[in-house]
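Pulled from TrEMBL, these are the features on record:
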ACT_SITE  HIS97  active site, electrophile
ACT_SITE  GLU167  active site, proton acceptor
BINDING   ASN11, TRP12, LYS13, GLY173, SER212, GLY233, GLY234  substrate binding site
Amino acid sequence: MKQSVKLVAGNWKMNGLGASLGEAEALAKALQEQAAACRVALCPPATLIDRMARVLADTPVELGGQDCHAEASGAFTGSVSAAMVADAGADLVILGHSERRAGFGETDADVAAKVEAALAAGLEPIICIGETLAEREAGQAIAVVSRQVAGSLPPSLSGKAFAVAYEPVWAIGTGLTPTLEQIEEVHAAVRAAMVAKLGEGGRVAPILYGGSVKPSNAAEILAVADVGGALVGGASLKAEDFLGIIRAV
Ligand SMILES: O=C(COP(=O)(O)O)[C@@H](O)CO
């Protein structure tokens, strides 16, 4: 299988004020001194994208949003459109994160509509999927992620730049991670579902792993077959920790 360059993306979630720009500056400085062997992206809160774009100008660090609305504009108080995320300086956007699926009731169809909006705005979507602990314990992990791929990836993704992130919900922010065998098994199933949905267009896009990735476990996780990178939460908030993961690639 043709593998694309790995992508390590940090999701700051609802953390970070202007003072946190120092972490982005430290990351940029370190990557200027030692080039990364992978793509590196930071996804700060929407309010920081514009300022972060200025801090990271002329560095290889890419910027992403954490969500966008499916509509281009209108009466959607509190929301930002894909074009706004792009206009602020982002290249990518995380969509369908489990915290949005669980906390905001986002369905696979909602996620697919947001993916369409992101593509129309020129953003590269990172589409999150993953099973809950109850689903894993019921032996449904593969069925759940396969269903999420089928429902969340619109056919228009074929031939476009995008990534899928497998994030078991029970591994997010808990310090728990699946075994390497479990990660490999799910990634193989996700790849099969991507090919079933998109044909050849489903073969190349990276499948990231996310959930309690840290410097101490990144190397072994990133070495698993068809792990195309990492989506990192807590460990992306400190430049030194995030660099430890980037160096593991
Ligand atoms: O939610 C994620 C994982 O968070 P961790 O704190 O790394 O467990 C993933 O989307 C990155 O934000």
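For all residues, glycine too, the Cβ spot is worked out from N, Cα and C.
TrEMBL: automatically predicted annotations, no manual curation.
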Quiz prompt | Annotated substrate contacts ASN11, TRP12, LYS13, GLY173, SER212, GLY233, GLY234, maximal Cα-Cα distance (Å, integer) | solution = 14
Exercise. Enumerate same-chain residues with a sequence separation of six or more from SER212 (substrate binding site) and a Cβ-Cβ distance below 8 A; give 'none' if the list is empty.
Key: ALA171, ILE172, GLY173, THR174, GLY175, LEU176, THR177
Self-check item: Distance [Cα-Cα, Å, rounded] between GLY233 (substrate binding site) and GLU167 (active site, proton acceptor)
Solution: 11
Quiz item: If you run the three-state DSSP split on ASN11 (substrate binding site), which class comes out?
Solution: strand
Exercise. According to DSSP, folded down to helix, strand and coil, what is GLY234 (substrate binding site)?
Key: helix
Exercise. Would you list, in sequence order, the recorded positions among TRP12, GLU167, GLY234 whose CA lies within 10 Å of the CA of HIS97 (active site, electrophile)?
Key: GLU167
Quiz item: Quick one, of the binding-site residues GLY173, GLY233, which Cβ has the fewest other Cβ within 10 Å?
Solution: GLY173
Exercise. Would you mind reading off the Cα separation of TRP12 (substrate binding site) from the residue listed as 'active site, proton acceptor', to the nearest angstrom?
Key: 15
